[in-house]
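> Before I ask anything, let me first share the structure, which is written out below as structure tokens.
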Amino acid sequence: MKAVAINGYGTVGKRVADAIAQQDDMKVIGVSKTRPDFEARMALKKGYDLYVAIPERVKLFEKAGIEVAGTVDDMLDEADIVIDCTPEGIGAKNLKMYKEKGIKAIFQGGEKHEDIGLSFNSLSNYEESYGKDYTRVVSCNTTGLCRTLKPLHDSFGIKKVRAVIVRRGADPAQVSKGPINAIIPNPPKLPSHHGPDVKTVLDINIDTMAVIVPTTLMHQHNVMVEVEETPTVDDIIDVFEDTPRVILISAEDGLTSTAEIMEYAKELGRSRNDLFEIPVWRESITVVDNEIYYMQAVHQESDIVPENVDAVRAILEMEEDKYKSINKTNKAMNILQ
């Protein structure tokens, strides 16, 4: 049973902590917070040992009546590995601390690939992180792209990908972000960061462009893929049906928007209404000459969570076969495929 520390108990960290706790070969030995807020209290209610990320703030937690087990430094002493779920840019700064402590670490997609040196996606390049000291789980959008592009590449050979990414403006709890009434090219030039990020884990030719829109629910992707071997629509459906963490949805079933997909996620009865899988609209799958078209959605708060679990097994050399790790994680988390 491997001991996992979660540095940063926010949108991603709290989900990763719960996913780790569901596994039978690893456990959460502690989570960290910078502020004594409601999430800190909820962590304690869930039975997680709570550590203070900024030592100078220990007294703030004590004043708030929140019991802490120590500082992040203390937490790392108890762990085999740390999953850094801190805000963008903080993880790279924490890397020095992890190196000094001699502890292996997993970072999130907000960090730059160049700063960490290695990126991770369960299906695309699990083996590259096996036994390594540090890796970075690619971003939510990149994870979503890799989930569907990797099996297409394996099955038909990708010549080129062009993807238009419609990004949510903020997560539901981010009251300080927007836009409220605008569509923002992000950036107003090619490429968006998503294409280069895909290339850190999957060796394909890809260009991406993105816009930010005033919604908080999900991202949405419009993907065009030129392939070496032209498939039929049924061939593509078969590939997606056989791909872990990808599900086919249908507008005929009432799933015509990201809002309805999130309603579907609620009906699954999961904590926080998470959708770990990448839903692909069945009706959108089209083949014209040697080009595949399809539309998919990404629940930005949760799709990267199972990848973090697999990354633990890869780095700590707990499982060499990526499919065995994926299946083990999926079963523990009740992932649909």
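In case you wondered, yes, glycine gets a Cβ from its N, Cα and C as well.
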> Hey, Swiss-Prot has NADP(+) bound by Thr11, Val12, Thr34, Arg35, Asp171, Gln300. Any idea which of Gly89, Gly110 it lists too?
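Looking through Gly89, Gly110, the residue Swiss-Prot assigns to the NADP(+) site is Gly110.
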> Within 10 Å of Asn141 (D-glyceraldehyde 3-phosphate binding site) (Cα to Cα), which of the binding-site residues Thr11, Val12, Thr34, Arg35, Gly110, Asp171 do you find?
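Correct set: empty; none qualify.
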> Residues with Cβ closer than 8 Å to the Cβ of His194 (D-glyceraldehyde 3-phosphate binding site), same chain and 6+ apart in sequence?
Ser139, Asn141, Thr142, Leu145, Ala163, Ile165, Thr208, Ala210
> CB neighbours of Val12 (NADP(+) binding site) within 10 A?
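Val12 (NADP(+) binding site): 27 neighbouring Cβ atoms within 10 Å.
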> Just to verify a number: CA distance, Thr34 (NADP(+) binding site) to Cys140 (active site, nucleophile), in angstrom, no decimals.
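So the Cα of Cys140 (active site, nucleophile) lies 24 Å away from that of Thr34 (NADP(+) binding site).
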